[in-house]
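A quick write-up on the structure given underneath.
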Amino acid sequence: MGVNLKDLIPEEAKMTIEDLRMLRGKIVVIDGYNALYQFLTAIRQPDGTPLMDSQGRITSHLSGLFYRTINILENGIKPAYVFDGKPPEIKAKEIEKRRKIREDASKKYEEALRKGDIEAARRYAMMSAKLTDEMVQDAKKLLDAMGIPWIQAPAEGEAQAAYIVSKGDAWASASQDYDSLLFGSPRLIRNLTISGKRKLPRKNVYIEIKPEIIELKKLLEKLGLTREQLIYVAILIGTDYNPDGVKGIGPKKALQLVKAYKTLDKILKIIPKTEFPIEPEKIVEYFLNPPVSTDYKLEWRAPDESKIREILVEEHDFNPERVKNAVERLVKAYREHIKSKQLGLEAWFS
C-alpha cells in the first residue's frame with residue numbers, strides 16, 4: 001500500500017507529463033510488483049473476471065506488461081523493472097492485513113455475483129487480486145524475451161530502484177507508492193503504467209490519469225524538511241511497517257508536529273500513546289539503509305520474436321495477429337529509440 005503523502009506534495013515539487021515523449025532517452029526503473037498488480041486489477045472482464053488462457057491461468061498481468069512496455073519504448077523511454085525479494089520481517093503486520101482484505105473481498109465478490117451486481121463484483125474482484133510467484137516468473141520470462149532488463153532486489157523493490165537512481169544509473173524510479181521518496185529516490189514517476197482514462201468507483205464518471213514526476217529535493221525544500229524528517233511524517237501517518245500510524249494524526253497534522261518538534265524523540269513524547277509493531281527508530285533506519293544489491297546490469301537487447309510468440313501465443317493463447325503486430329512495433333521501437341540520447345526535462349530540473 002505504501003504511505004499516503006499525496007496531500008503533502010506541493011505543486012512546485014511535481015510536474016504533469018502531458019506527453020511521454022518528454023521522457024525520451026531517460027532510463028526509468030519500474031517497480032515490477034506494483035506494475036503487475038495494477039495490470040492484474042485493472043485488466044478484467046466487466047464482471048471482474050481476469051483474462052485467462054485455455055487452461056484457466058490468469059494472463060492479465062502479461063497482457064498489461066507486454067503492451068504497456070511497448071508503449072513506453074515507443075515513446076523513447078528505456079524501461080527496466082525491479083522485483084521484490086523476501087519481505088522484511090518488519091512488514092509482517094501489513095502483509096497479514098492485506099491477506100485479510102483479499103479474503104474479505106473474495107467473499108464479497110462471490111456474493112455480488114450471486115446478486116447480479118456486476119459493478120460491485122468487479123470492484124471486489126479487483127480488491128481480491130493476488131500476485132503469485134508463478135505470475136512473477138512468467139513476467140520475468142516475457143521481459144527476457146522482449147530484451148528488457150530486470151533486477152532482483154534482496155528485499156523491497158522500491159528501495160532497490162531508489163538506489164539505482166541515486167547512483168546515477170537511471171533517471172527516475174516509477175511506482176504508485178510514495179515510499180520510493182522515503183527510500184531516497186531523487187525522482188519518482190507516478191502513473192507511468194496506468195495512464196489513460198479510468199472510471200471512478202461507484203460513479204459513471206471517467207477521469208484522465210496522466211503521469212507525474214515528483215522531485216525529492218524540491219519536495220524537501222518546499223516542506224522545510226530533511227529526508228529523515230519526511231520519514232518521521234510517514235511514521236505518524238502510517239507506513240508498510242506500522243500500517244496503523246498514530247490515531248488521530250493525518251498528513252497535515254503529522255507535518256506540523258515534525259516541523260515543530262524536529263527530532264523523533266521529542267515527537268514520540270508528545271503524541272498520543274501508541275503501540276508500534278516495531279520501534280520507530282528501526283523503521284527510520286530501514287528507510288535510510290535498506291538491503292540493496294550492487295550487482296545489477298541495465299542492458300537492453302534486441303527482442304526475441306520467436307520466444308515472445310512461444311510465451312504469449314503458444315503457452316497462453318494470446319491472439320496471434322495482435323501479438324504479431326505488437327512485436328513489429330516492439331522491434332521498430334527498439335531500433336529507433338532504445339539507444340537515443342537523454343533529452344527532455346533538464347531545464348525544469350536544473
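Glycine too: its Cβ is placed from the backbone N, Cα and C atoms.
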When Swiss-Prot is consulted, the range among 278-286, 341-349 described as region 'Interaction with PCNA' turns out to be 341-349
Out of Asp104, Asp240, Asp244, Asp265, Swiss-Prot lists as part of the Mg(2+) 2 site with Asp177, Asp179 the residue Asp240
Which of Asp7, Asp84, Asp117 shares the Mg(2+) 1 site with Asp31, Glu156, Glu158 in Swiss-Prot? The record says Asp84
Cβ neighbour count within 10 Å, max among the binding-site residues Glu156, Asp240, goes to Glu156
With neighbours defined as other CB atoms within 10 A, the best-packed of the binding-site residues Glu158, Asp177 is Glu158
Its Cβ having more other Cβ atoms within 10 Å than any other among the binding-site residues Asp31, Asp179, the winner is Asp31
Cβ density check for Asp84 (Mg(2+) 1 binding site), other Cβ within 10 Å (all protein chains) comes to 20
Whole-Å Cα distance, Glu158 (Mg(2+) 1 binding site) to Asp240 (Mg(2+) 2 binding site), is 12
Listed binding-site residues Asp31, Asp84, Glu156; those within 10 A of Asp177 (Mg(2+) 2 binding site), CA to CA, turn out to be Asp31
